[in-house]
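K.L.:
To start, I am sharing the structure in question, which I have written as structure tokens.
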Amino acid sequence: MNNSEGQPKKILIVGGGTAGWMVASLLASKWQGSEISLVESKDIGIIGVGEGSTPHLKLFFDAIKVTDAQWMPRCNATYKNGITFDNWSAIAGFESYFHPFAAQTDDAFTLPLFFRNIRARMQGHEVDAHPDKYFLETYLTRNHLGPIPAESFPFGIAYGYHFDSALLGQFLAEHAQNQGVNRIVANVAEVEVHPNGDLSAVMLSDGRRLKADFFIDCSGFNSLLMQQSLKVSFKSFKDNLFNDSAVVMPSAISSVLPVETRSTALSSGWAWKIPLRNRFGNGYVYSSDYIDADQAETELRQHLGLLEGDVQARHLKMKVGRVEKHWHKNCLAVGLSQGFIEPLEATAIALSFNTIAQFMQYFQEGKFTNQYEQAFNQNINGRFDGIRDYIVCHYKVNQRTDSAYWLDNAANANISDTLRAILTLWHKSPDFAGDMLKYKLMGSYQPKSWACLLAGYGIFPRLAMPQSFDCSMHQQELEALHDFIRRCGLNFKPHNELLTQ
Ligand SMILES: Cc1cc2nc3c(=O)[nH]c(=O)nc-3n(C[C@H](O)[C@H](O)[C@H](O)COP(=O)(O)OP(=O)(O)OC[C@H]3O[C@@H](n4cnc5c(N)ncnc54)[C@H](O)[C@@H]3O)c2cc1C
């Protein structure tokens, strides 16, 4: 039954991982008219990985009115300016590059020169177009400076976080319950589907029956409601993205806390290194078609300099892809139950936030009917596919020749039309950023991110166009830019100091 304005009276969330408690917190803060319950299983537990975010986590906390100072210390959280990619490219001088988040502010000053110099380099001029030379966030990161500027500084920097995912879940669970969410600890044994196709109730293994008007599936890879009960089909990304497994282990933290995730390419995948206040979280994401779990664990230990017995490893399987519909009938899937793209750009929490925030908007605009279900599903599918394309690109353009894994990735013809079009623009267009806009290729990632990736790999195809570039000012311009960035940097505090404030 729905209340007077059509808003569902009873909402049941199944699953108490990060996704479930994010949804509960957001619903509780915006839809006070609904009675919200969350059921989670002690026996099944949560996935317990996922320790890096994009700036969307800040948007989420802003939406539920929680400040950094309230949640970060509780979750051993640190700030994140972006990701350094090591050893993805085999081109000399491009062994490493930094991918900053999109920042609308200082980019206005730095981005035009970056694009101009990329083009000049493609015209055959000897100019430095490595992305690390162009962005304030990169300077901050290399100098261990946090992303929060002095109040008088006119630009904002987009930043993400690193955090302990189990502690984040606990923090959000407490927050949501304080907002009135009812927590039920039990196993869902059965799901009742009404003859009209809607969900009507879930049966718990202790015999209780929980009815609701609207259901939210946050049951992780199980996808108990959306895939198992409503039979919504799953579109695998296995043809595009080979990685299906991960092994994770912690290591000792350094005294100076990095402000970045490091992502290092290994023989059959890549390893993350995420700084928390009390430890590094590490993991090797790999394809089990090329390496087995024992080999992956050994390679990760070698990479980290950790011996067997130093620390225990956890092995995980990943189901990579997405559901065809994220909203179907009276059910919404959020988190791993709706899909997962491997964690190279740490986008899962961003997708969960986008899903619930967009859903609330579409559902409300449609007066709590399914009027905008199709438009919503298209929107979320577009976000998933856009992120997939950006991640696929990291593999597609690699030039490593040291293993079958990297050779097969480079040779993989299973890329989307959109990614093919973006790569064609990079190779042919004199105005990459403008043409991305013109040809409506602006998806989940901005031209800045694509340019950081492609220039960061050292991919500068020779463009057939007039040699219009005046090289004589190049060094002075770069020096002026570096001076500007250095002066901006004076407004930022060391990361360690920021965290102890
Ligand atoms: C290797 C790896 C690395 C990752 N790295 C990142 C990252 O850096 N950044 C990022 O944003 N994301 C990352 N992720 C994704 C991230 O872990 C998840 O998106 C996030 O933890 C949310 O998970 P979830 O809540 O959807 O599922 P889960 O944490 O699996 O929670 C599922 C919940 O459903 C409950 N449940 C299941 N079945 C039942 C049942 N029958 N009855 C009752 N309850 C049930 C469980 O008890 C649990 O509470 C990573 C994932 C993997 C696999």
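Every residue, even glycine, has its Cβ placed from backbone N, Cα and C.
Unlike curated records, TrEMBL annotations are generated automatically.
Just lifted these from TrEMBL, have a look:
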- Gly16, Gly17, Thr18, Ala19, Val188, Leu336, Ile349: FAD binding site (BINDING)
- Lys80: 7-chloro-L-tryptophan binding site (BINDING)
- Lys80: active site (ACT_SITE)
- Glu345: L-tryptophan binding site (BINDING)
K.L.:
Can you see whether DSSP assigns Ile349 (FAD binding site) to helix, strand or coil?
P.N.:
helix
K.L.:
I want to verify one value. Collapsing DSSP to three states, which class is Thr18 (FAD binding site)?
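P.N.:
Thr18 (FAD binding site) sits in a helix per DSSP.
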K.L.:
Do me a favour and check the Cα-Cα span between Val188 (FAD binding site) and the residue listed as 'L-tryptophan binding site'; whole Å is fine.
P.N.:
32
K.L.:
Max CA to CA distance in Å over the FAD-binding set Gly16, Gly17, Thr18, Ala19, Val188, Leu336, Ile349?
P.N.:
24
K.L.:
Three-state secondary structure of Leu336 (FAD binding site) from DSSP?
P.N.:
helix
